[in-house]
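S.K.: Okay, handing you the structure first.
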Amino acid sequence: MDQTSLKVLDFLSTYVTEHKKGLIDEVLSRRTRHLTFVLEDIYQSQNASAVVRTCDCFGIQDLHVIENKHSFELNPRVVHGASKWVNVHHYQEAENNTKACFDTLRKKGYKIMATSPDKGCLSVHDVDISEPIALVFGTEITGISEFTKSQADGLVTIPMYGFSESLNISVSAAICANILIEKLFRSEINWTLTEDEKNEIKLNWYRTIVSRSEILEKQFLKSLNHS
Ligand SMILES: C[S@@+](CC[C@H](N)C(=O)[O-])C[C@H]1O[C@@H](n2cnc3c(N)ncnc32)[C@H](O)[C@@H]1O
């Protein structure tokens, strides 16, 4: 983070109560980029919203949204403001947005694991979390695309024992988040964010919670340029 952004962070922090600052620091201490979620063409807003909320609740900072056939929409009654705390990255411009997303994630060092109700896949309990993982969830009716199936580094399943063929996508995301985050917390892996990452996220959160932050920031930057 550059010096000016650090000064803005410092400035905006004067408008945030000590209680809120403490809460933000506590939440940031449990945020991770070691695990990230990917949604491929999810078209029901309540499902997309429930996943955003799950990411926030379990400390998954980034959600990648692939929009090949369907656009991503949030339902305010389900998301409950959680989208303010999670970085949502959209892939909607390329000819194959799934490929664009996977290329980006691989460059960042992620292994791509796709989820499926198929019995033959690796159980989510047995996933190796030593490397950063991007977990892909498929669309409501047809699941993950053939492209994802062929390009993923592995397929993961939540074992099921009933008559139904699959879980709801948002339920699957919550179960996987719970299992993998607990596994991460119990491991020796360095899954926490760097100080720089924490500051960048904190600045965005301060901008969200401080009223009229945009105007205040403009005035502050003007005063910096004059001094
Ligand atoms: C309703 S399911 C899609 C069902 C589709 N017929 C299929 O075979 O994938 C939607 C998404 O939820 C996730 N899902 C559902 N059940 C799962 C399970 N048992 N294990 C892992 N993921 C599951 C997957 O991401 C799936 O693409």
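Glycine too: its Cβ is placed from the backbone N, Cα and C atoms.
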S.K.: Taking THR54, THR98, THR104, THR115 as the options, which does TrEMBL list with ILE158, LEU167 at the S-adenosyl-L-methionine site?
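M.R.: Within the candidate list, TrEMBL flags THR115.
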S.K.: Tell me, by DSSP, whether THR115 (S-adenosyl-L-methionine binding site) is helix, strand or coil?
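M.R.: Strand, per DSSP.
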S.K.: For the S-adenosyl-L-methionine binding residues given in the record (THR115, ILE158, LEU167), what is the largest pairwise C-alpha separation in angstrom?
M.R.: 11
